[in-house]
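Look at Swiss-Prot and you will find E65, E94 tagged as Mg(2+) 1 binding site, backed by similarity to another entry. Residues annotated as Mg(2+) 2 binding site in Swiss-Prot, with similarity to another entry given as evidence: E94, D115, L117. The Mg(2+) 3 binding site annotation in Swiss-Prot covers D115, D118, E278, and the record cites similarity to another entry as its basis. Residues or ranges marked as substrate binding site by Swiss-Prot: D118, G119, S120, S121, N210, Y242, Y262, K272.
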Amino acid sequence: MSSNNLITLHRWLLSDTHKNMENKLEMANLFSGIALACKITNNAIKRAGFESNFGLAGITNVHSEDVKKLDVIANDAFKMALKSTREVFCMVSEEEDSIIPVSQSQAGKYVVAFDPLDGSSNLDCNVSVGSIFSIWPKASKDHNYSNDDVLRKGRDMTAAGYALYGSATMLVLTFGQGVYGFTLDNHIGEFVLTHVEMRIRTKGSIYSINEGNSVFWDKATQEYVKAIKSGADGRAPYSSRYIGSMVSDIHRTLLYGGIFMYPGDTKSPNGKLRYLYEVAPLSFIMEQAAGKSTNGSSPCLDMIPKSIHERVPVFMGSPACIDELLAFQKKFNHNHSTTSQHEKDN
């Protein structure tokens, strides 16, 4: 974008681009907090080698995962920056086991769920990582938060986004009116609009999945991956690209097309990814970019979680790829169900 037409995130949020966006000033304030948290996190990552912030913090989180030092820094940055906006009612973090309260004097009317540092297991080898967030209006009529405020259908989100800390630092977001990308200009310290109305290709030729788990997949997933790898029906074989950092894998899928998959399997029936702050916000972005996201039977955005850290299977990407995946799910899982019922009857 020309330096004569720099549109910063704050300027964009207040522009006429969002004539239909409710509470524009509140959203601008809230996103100023998110942008600040992302800048703090980005700076901590870039300086981690100098400040001995790589490696483990010596604790585990609610998921029994080893917590990295940078996980702690990013989590603290998001909590501090979000509370300071006075727009947040309560929060959910991937790093904490329960709802995070906000004092009544600071509380606003939005619920924010976030993964402060997705893919942090890759940090020590300098792989790109990210932050993910989702925003809902609060459900409570008073100042007392409850599970009803956070256990929400994805389709009821007000906004969602992710930050990618890679060769460049990007903030990608949606308010339900398309997807926009902002790149951090380190010279001026601002996120600047660089990607307007991002849209995924109708069909792609890249698949992204951890094939180390293939022995645990159901028949439908095994056969689908086998088909796209082999170039069945005379088509060109898909290329495999899997980083193991969800933000990085989704960002590539969004730009180049294709499909990202983290299915449930016999080892982890509900998959690995958490709904509120991973699957739901990235599904919202994918749908707003003309893509699709499913748990294998229904759209991810139509789900309502039963717990704040609930895990769900997910397949998302180019619509033609998802439609083909669902055809395999219908064919093979239906056949499996029919066979199982026949064996049971006999």
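Heads up, the Cβ atoms here are built off N, Cα and C, so glycines get one too.
Distances between the Cα of K272 (substrate binding site) and those of the binding-site residues E94, D115, L117, D118, E278 are shortest for E278. Under the DSSP three-state reduction, S120 (substrate binding site) is assigned to helix.
Residues D118, G119, S120, S121, N210, Y242, Y262, K272 are the ones the record ties to substrate, and the longest Cα gap between any two of them is 18 Å. Taking Cβ-Cβ distances under 8 Å and a sequence gap of 6 or more within the same chain, the neighbours of N210 (substrate binding site) are Y242, G244, Y262. Cα separation, G119 (substrate binding site) to E278 (Mg(2+) 3 binding site), rounded: 11 Å. When each of the binding-site residues Y242, Y262 is scored by how many other Cβ atoms sit within 10 Å of its Cβ, Y242 comes out lowest.
Put simply, E94 (Mg(2+) 1 binding site) is 14 Å from S121 (substrate binding site) when counted between their Cα atoms. Counting only the Cα atoms, the space from D118 (Mg(2+) 3 binding site) to E94 (Mg(2+) 1 binding site) is about 9 angstrom. Here the binding-site residues are E94, D118, and the one with the most other Cβ atoms within 10 Å of its Cβ is D118.
Neighbour counts of Cβ atoms within 10 Å were taken for the binding-site residues D115, E278; the minimum is at E278. Note: the CA-CA distance between E94 (Mg(2+) 1 binding site) and L117 (Mg(2+) 2 binding site) rounds to 9 Å.
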